[in-house]
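Visitor: Input: one structure, supplied below.
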Amino acid sequence: MGHNSTNYSLLFSSSASALTLVKTSSTMATTPMSYFVCSVRANSFQIFLTFQVMECYVNPVLSLFGLCGNIMSLAILKHSGIHKPSNILLFGLVVADIMCLMLTIDYALPILYFGQDKIVPMLCGFQYHDAVNYFLTISSLVFTFFGFWGIYVNPFIQVFVTVERLLAVFMPLTFKKIVTRLTTTVCVLFSFLFWLPWNFAFNSIYDVRQQKLSPSVNWMAVVHGKFYFSNQEIIDVFNFYVVDSLDSWIPLVLVTLGTLAVFIKVKVTLRKRQKLTKSLKPITWSTRTTKTLMATSVVFIAAHACGSMIIYLFPSENYVEYYTRNAFYYLVYIINGSSSLSIYLVCNKRFLQIFLKIVRWET
């Protein structure tokens with residue numbers, strides 16, 4: 001499940017190419033039947049409109065709703081008790097989810113693609129006064145940095161969540177000795193710190209370019225720098241085979257196998273209990289912690305499976321189709337990153353009671 005980071009770079013590798021486009025863009029005629037995203041023409045109006053709606057409205061709005069839900073999730077966990085090992089893992093997971101949503105909340109991207117009052121409409125980037133350009137560029141860099149960091153961290157914490165439940169189900173007698181407040185805190189911190197160096201390195205391959213368009217307006221954008229193009233093959237291979245495996249396929253396999261093992265163990269345990277009690281009615285699993293944590297794993301598995309299907313089953317012929325496909329790909333991340341509150345309210349009566357107290361302003 002690749003991360004398609006190209007969606008957050010531009011089509012220009014240097015200011016020289018930007019200058020060439022400035023000089024030639026006036027000769028590139030656009031008619032009502034021509035639908036361009038920057039300098040790339042969409043194959044149809046439907047593709048152009050789909051990308052515009054997803055990029056400017058659907059993903060940002062859903063991300064904001066998800067952000068509000070995650071803030072409520074943090075409040076619920078705080079009231080429930082952050083000292084609990086399972087809550088520490090959930091707290092770290094929600095923080096990573098919030099960071100993931102920053103990637104699609106980024107208001108600079110719609111302006112980059114579809115900003116109004118551009119001197120050169122087909123030139124991707126910000127074309128305003130310097131203060132506005134710098135604000136939008138810095139905002140985009142900050143949102144991208146934390147967004148990708150959250151995407152890297154989320155699968156790691158989900159693996160630790162699954163391992164915690166495996167220990168609880170298969171080693172109940174020694175579980176509390178192994179899974180403590182200290183061990184879960186270390187696991188969460190490790191997940192964040194492990195990916196921090198790579199996230200810095202990944203973001204360092206971009207440069208900020210600018211070009212004078214008029215006496216009062218500059219063009220400014222974030223583009224791949226010289227270091228990237230000098231080492232493109234090495235960076236791309238490392239990103240595809242190492243990074244993509246560590247934060248996607250390996251966690252997905254581990255979480256899937258762990259979740260299946262937990263469900264099978266729970267099912268076998270319930271059948272044994274039913275035989276011992278000789279009950280005719282089926283016995284249901286009532287541990288709310290297991291339900292809550294395993295629900296997060298199921299959503300994680302479903303989201304990553306759908307994301308992989310989107311990437312590999314829907315090829316793109318040009319950049320607009322590529323960006324459109326990525327918009328749906330990031331929608332899957334939004335759903336995964338916005339699911340915590342729904343899971344808490346459905347799977348955990350204790351969390352539901354806390355939520356009702358919060359919304360009613362009860363102490």
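A Cβ is built for glycine as well, from the same backbone N, Cα and C atoms used for every other residue.
What TrEMBL shows for this protein is this:
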- 69-301: domain 'G-protein coupled receptors family 1 profile' (DOMAIN)
- 57-77: transmembrane segment (TRANSMEM)
- 89-114: transmembrane segment (TRANSMEM)
- 134-157: transmembrane segment (TRANSMEM)
- 178-198: transmembrane segment (TRANSMEM)
- 249-270: transmembrane segment (TRANSMEM)
- 291-315: transmembrane segment (TRANSMEM)
- 327-347: transmembrane segment (TRANSMEM)
Visitor: I'd like to know if the transmembrane segment (89-114) touches the transmembrane segment (178-198) in this structure, counting it as a touch only when three or more C-beta pairs sit under 8 Å and are separated by 6 or more positions.
Guide: yes
Visitor: Apart from its near flanks, which chain residues at least 6 from the ends of the transmembrane segment (89-114) lie with a Cβ under 8 angstroms of it?
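Guide: For the transmembrane segment (89-114), the nonlocal Cβ contacts are 8, 10, 37-38, 52, 55-56, 59-60, 62-64, 66-67, 70-71, 73-74, 77, 82, 124-126, 136-137, 139-140, 143-144, 146-151, 153-154, 157-158, 160-161, 164, 184, 187-188, 191-192, 221, 292-293, 296, 330, 333-334, 336-338, 340.
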